[in-house]
Amino acid sequence: MYKYLDKVNSPKNIKNMSIEEMDLLAKDIRKFLVKSVSKTGGHLASNLGVVELTLALHKVFDSPKDKIVWDVGHQSYVHKIVTGRKDCFVSLRQFNGLSGFPKENESPHDIFDTGHSSTSISIATGIACARDIKKENYSVISVIGDGSITGGMALEALNQLGYIDTNMIVILNDNEMSIDKNVGGMSKYLSSIIRNSTVEKMTDEVDKILNVTQTGEILSKTAHRFKDKLMYSFSPQDCSFFDSLGIRYYGPIDGHNTKELIDILRKAKHKKGPVLLHVITKKGKGYRFAEEQPDKYHGVSKFDIKTGVTSAKVKSMSISVGEKLVDMANSNENIVAITAAMPSGTGLNLFESAYPKRYYDVGIAEQHATGFAAGLAKNGMKPYFAVYSSFLQRAYDQVIHDVCITKKPVTFLIDRAGLVGNDGETHHGMFDLSYLNSIPNIVVMAPKDTREMELMMDLSLKLDCPLAIRYPRGSSYYLDKGEYGEIVLGKYEVLDDGQDTVILCIGSMVKHALEAKEILSREGINPTIVNARFLKPIDEGMLKALLKNHKNVVTIEDNIVTGGFGSRINKFIIDNEYNVNILNIAIPEEFVKHGNIDELYDFVGLSPKSIADKIRKLVIE
């Protein structure tokens, strides 16, 4: 089916390929990626942009002896294809299938598990230093995007790397995008290198002087070949930032010119000390729809190749949050919105359009975003920081130090709480209830559905304290169960009365609990269902009344079992010496693999059927 790709099952297969053959292989790979991802979904645009770069890396270096560390890792599909996993792409990001990120247990060519941004330079530096201590001889390469290099961890790593002067290569894959358009001073700086390169200016002047006559065309081509050579030379005027750190800069380099890439990688391989190669790529290259809308094809569901159309989408929880925040801001000039490089993913692109002067995209910088929000709150603003649960982990100290100790009224809109599905371990939001539970002075809420989420956002305006609202990935939904009036701080809601057994559930697990009750009621088991709404504070009055009339207490949460909602209820029961049977249903204390969300709920025991089975066993015993 693919003339050149079908011959590749190992990096060894491309070692003797000519440049022309590698370019034809690149075309095959792009066709394969578009066809494959159209059937499974996945990260498309970023992988289309790194085809030539990945092939050049595997031609010049000897993986896995030479260590290639992929930042974030969503752009590692071509690497997986070259290292013998092409036939596994039918199961990409599916349960027990091929991961969308590097996995050490999947291939020896995957040097390190990654998933979050800005980590690769630190990891690669550690590998390089260990190599030096052991007096081993191999290359270490970090591949990082221009969005990721703005992250604090990446800058910290560059600071050390230049100082210790070890042999290492950093490849800066610059496509001017992270997921959305890049922002910030570093992004401007990198763009200025591209725009203002001394060599580019020189060749432009050559073109003008020669006026592109027939003779001029020949001389101009010669000048451009000369330019290509000079591109590899260090330019102190343009690249003083990297130079000042002690890291030698080469670039900008055409990331789609296979020969240029191979030449510069071979030179960098033998350079002493740290080297940074600034490679310019086009996100989505080779597929028109992805080139035109790279943000839409960053992470994409199944789509039609001919039209680029994905399956119809209903409104997401994130969009509902964005719409509600805009509505609140219409009548409150103090509301400001903050994102850490995820405006579309969090729904804040809507706020940006409505109130650009009250909207801040701080880049991949969750720590800074949290401290920044605290400063805004200090000076009278009402900041809302919308952030994925797994990314808020990076700002744990700032949540404590800058927000909660000082009781600043910052609201965290925690998106992607609970299991998220196909992205796996690094992206599940399964720890936030636990890590927020341990922090004083913060109110933590989780709505049963979209309408209750909006009511919780209304409540946030009335409270002058740190506050978090967590909600799941996926479509907006309405349970039409219970009351939808004004929410009172710390008050639970009884959705269904029953006897003997009470189920205390929070957030999206309310829906699962109600479905589990439908199963149990057919067997004569009739538990009381309580929508707890709050991790903290707890509704002590309702809990005392419930514990007097029920002998079995079940808690359900889409969070790790240790330290979260169940643990808080357990403590109340123990402290008040109630004699009841307790069952905590939650995510087991282990990292959860990737897969379809319903398969994962069943896998961890949080599907309605699994919940019903556990409660049945408790009641019968």
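Including glycine, each Cβ sits where the backbone N, Cα and C put it.
Site annotation (Swiss-Prot, ligand thiamine diphosphate) includes Gly115, His116, Ser117, Gly147, Ser148, Asn175, Tyr287, Glu366; from His43, His58, His74, the additional listed residue is His74. With a 10 A radius on its CB, Asn175 (thiamine diphosphate binding site) counts 23 other CB atoms from all the protein chains. Secondary structure at Gly147 (thiamine diphosphate binding site), taken from DSSP and collapsed to helix, strand or coil, is coil. Of the binding-site residues His74, His116, His74 has the largest number of other Cβ atoms within 10 Å of its own Cβ. Its own atom aside, the Cβ of Gly147 (thiamine diphosphate binding site) has 29 Cβ atoms within 10 angstroms in the protein chains shown. Proximity note: of the listed binding-site residues (His74, His116, Asn175, Glu366), Asn175 have a CA within 10 Å of the CA of Asp146 (Mg(2+) binding site), given in sequence order. A sphere of 10 angstroms centred on the C-beta of Glu366 (thiamine diphosphate binding site) encloses 27 other C-beta atoms. Across the residues the record lists as binding thiamine diphosphate (His74, Gly115, His116, Ser117, Gly147, Ser148, Asn175, Tyr287, Glu366), the two Cα atoms farthest apart are 32 Å from each other. When Cβ atoms from all protein chains are considered, those within 10 Å of Asp146 (Mg(2+) binding site) total 23, not counting its own.
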